[in-house]
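Notes follow once the structure below has been shown.
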Amino acid sequence: MANHIVFFGLVALTLCHLAFTFEPSPLQDFCVADSTTSARVNGLACKNPMNVQADDFFFSGLNIMGNTSNPVGSKVTPVTVAQLPGLNTLGISMVRIDYAPRGINPPHTHPRATEILTVLEGSVQVGFVTSNPENRLISKVLQKGDVFVFPVGLVHFQRNVGYGNAVAIAALSSQNPGVITIANAVFGSNPPIAADLLAKTFQVETSLVDQLQSKF
């Protein structure tokens, strides 16, 4: 019994550490984001607590299927501090991800968050790539009810490998995890990265880089 108590205590401490490693620890009960102020802080300024309402801690809509009619065949519905002001300083957010058959959530990274994902419907291949020099792909096909974690900062992806639509819910260890989609960042930057530089990086002809950049 004592071993079980120690184990669950360690789990609780680990989860608390995950939630607050990359976010400022709150110094009060809550700090609802004030979207009306121009004050610049690491996070968002706090709304006057006397003006806080239940709706500041509420979001509705994760039951609604996202529109996957796009080139990648997926739709991410975020619930970050931008959608739910009560998340400010709490170090957590979530998303719903819808996938059309063969749809993908392209390789991307969250610079400020670890992500833990669970499949609600369908079969979803997930994976992430370790950092240089190994660049090892760690991948698995998930079924309904399965859970997978993507470590903070690592490039990761999902793909619907079933015959119908798929749905997943993910939690992230930041109120504002950020997202960098690799293809968009490399081929769609503004201003563009020099085509000859990318051609040398990927060991391809400049004309192919021009073609890829035109898509983003």
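In case you wondered, yes, glycine gets a Cβ from its N, Cα and C as well.
Unlike curated entries, TrEMBL annotations are predicted automatically.
TrEMBL lists 1-21 with the feature signal peptide.
According to TrEMBL, the disulfide bond annotation covers Cys31-Cys46. For Cys31 (disulfide bond), the count of additional Cβ atoms within 10 Å of its Cβ stands at 23 [all protein chains shown].
What TrEMBL records for 60-210 is domain 'Cupin type-1'.
Look at TrEMBL and you will find Asn105, His110, Glu115 tagged as oxalate binding site.
As annotated by TrEMBL, Mn(2+) binding site applies to His108, His110, Glu115, His156. Sequence-distant neighbours of Glu115 (oxalate binding site): residues of the same chain at least 6 apart with a C-beta under 8 Å from its C-beta are Val149, Phe150, His156, Ala170, Ala171, Leu172, Ser173, Pro177.
Minimal Cβ crowding within 10 Å, among the binding-site residues His108, His110, is found at His108. A Cβ within 8 Å of the Cβ centre of His108, His110, Glu115, His156, the residues given for Mn(2+), is found for these other residues of the same chain: Thr109, Ala113, Phe128, Phe150, Leu154, Val155, Pro177, Val179.
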